[in-house]
Amino acid sequence: MQEIPINTLNGLRYGPGHFDRAAQEALVEDIRTIVAEAPLFRPVMPGTGKPFSVRMTNCGLLGWVADKAGYRYQPLHPVTGKPWPEIPERLKDLWRAVAPDAPPPEACLINFYEPGAKLGLHQDRDEKTFDAPVVSVSLGDTATFRVGGLNRKDPTRSFRLQSGDVVVLGGEARLIFHGVDRILKDTSTLLKSGGRINLTLRRVTPA
Ligand code: SIN
Ligand code: FE2
């Protein structure tokens, strides 16, 4: 993992090609099993009700949802009413490897980006603790990932995330603004119909 300096903050780490092709394929299989049980849903912005361009689901004890009432973590899928499937062992291994001092992850948000989808600049701050990092895995088409500082107006820079890459937002960089500007079409053969999957592992409650 390499440290990416961002606005003098430490803790943004990047692991290019952390997962090889075989591991990426195995992860996609894991995700297919999860999505069969916990289908993708399209969140909407609290208040305005404007739909996200990204579809989502989760695994873990808690899942992140967004609806007219707000952003939150909850133990049940908003459509099926069932508990979220378990976090795959492969992702728990990743967490142990990159966040050895953190308690186990409680949530894994699964974002699916079709070509054209994006995610505006935001902070991950719906958790009740910020001690543990947020650990992200990219699969499928390359994304332009934008990172800034702790204030929305801070300067930002962007870099490309390819299939198999891992990013850790930890330490001073745990609460940096970040987002996905765009998905670069046809840049990966991992997903048959194209697009990008991003997985983010999170600790939600204090240990
Ligand atoms: C997120 O911030 O939830 C996802 C980031 C990404 O898709 O790389
Ligand atoms: Fe995020």
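Backbone N, Cα and C atoms are what each Cβ position is placed from, and that goes for glycine too.
Same-site candidate for substrate binding, as annotated by TrEMBL with Trp64, Tyr71, Arg72, Tyr73, Arg152, chosen from Asp101, Asp124, Asp126: Asp126. Record check, TrEMBL: Fe cation site residues include His122, Asp124, and the candidate from His18, His178 also listed there is His178. Taken together, the residues in the domain 'Fe2OG dioxygenase' (104-205) have a mean pLDDT of 97 on the 0 to 100 scale.
When the binding-site residues Asn111, His122, Asp124, Leu199, Leu201 are screened for a C-alpha within 10 angstroms of the C-alpha of Arg152 (substrate binding site), the residues that qualify, in sequence order, are His122.
The distance from the Cα of Asp124 (Fe cation binding site) to the Cα of Asn111 (2-oxoglutarate binding site) comes to 14 Å. Closest by Cα distance to Tyr113 (2-oxoglutarate binding site), from the binding-site residues Arg72, Asp126, His178, is His178. Residues Asp124, taken from the binding-site residues Tyr73, Asn111, Tyr113, Asp124, Arg152, Leu201, are distinguished by a CB atom under 6 angstroms from ligand 2.
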